[in-house]
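Scroll down for the structure; my scribbles are underneath it.
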Amino acid sequence: MAEEQVLNTHNASILLSAANKSHYPQDDLPEIALAGRSNVGKSSFINTILGRKNLARTSSKPGKTQLLNFFNIDNKLRFVDVPGYGYAKVSKSERAKWGKMIEEYLTSRDNLRAVVSLVDLRHAPSKEDIQMYDFLKYYDIPVIVVATKADKIPRGKWNKHESVVKKALNFDKSDTFIVFSSVERIGIDDSWDAILEQV
């Protein structure tokens, strides 16, 4: 695999969790942020593309990630898992705090190279999904849209669902769109190609 010549993706560990920029790692390693609705499958995406079972903790309780979680990959790259948005059971003030923390990271972090924006292929994007995509486009942050849970839809319907997602996002053709399934391990190579192109 091409990416393994560049970095050993299995040499990965959680580095730290941060609530604000004073806690961010102080070096110049490139970072890829991962954003998406609660329960869209961010932890499964991280575990699957890194070939690890439990590096990022998956949870049946949405809204579990409450800090920015930095993952070190072979001392050459970092993934930054940001809190999942759109979870109703979190208080408004808590959501506002998360929003501020995410915005501060996305708009001020020099290490950031791109954002993997995860959406659920089964459903039209939520209002928050669309806001996130628009936010990234506004700030000119490279975005890779990964549509998860493809295994829950018959393959013959993937194109139809992809069209629905792209239309709702007003998807920019210059961005990358990847159909992904952690269960069937679909989209791993495409995800790495898109990520490594940005770093």
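Including glycine, each Cβ sits where the backbone N, Cα and C put it.
Taken straight from Swiss-Prot:
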BINDING   36-43, 63-67, 81-84, 148-151, 180-182  GTP binding site
BINDING   S43, T65  Mg(2+) binding site
DOMAIN    28-199  domain 'EngB-type G'
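Sequence features, as recorded in Swiss-Prot, placed on the structure.
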residue : record           : Cβ contacts under 8 Å, 6 or more apart
G36     : GTP binding site : K42, G84, Y85, S117, L118, V119, D129, M132, T148
L67     : GTP binding site : S17, A18, A19, P83, M101
K149    : GTP binding site : V40, G41, D120, L121, R122, S181
F180    : GTP binding site : F45, L121, V146, A147, T148, A150, I186, G187, I188, S191
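Summed and averaged per residue, pLDDT over the domain 'EngB-type G' (28-199) gives 90. Under the three-state DSSP scheme, L67 (GTP binding site) falls in the coil class.
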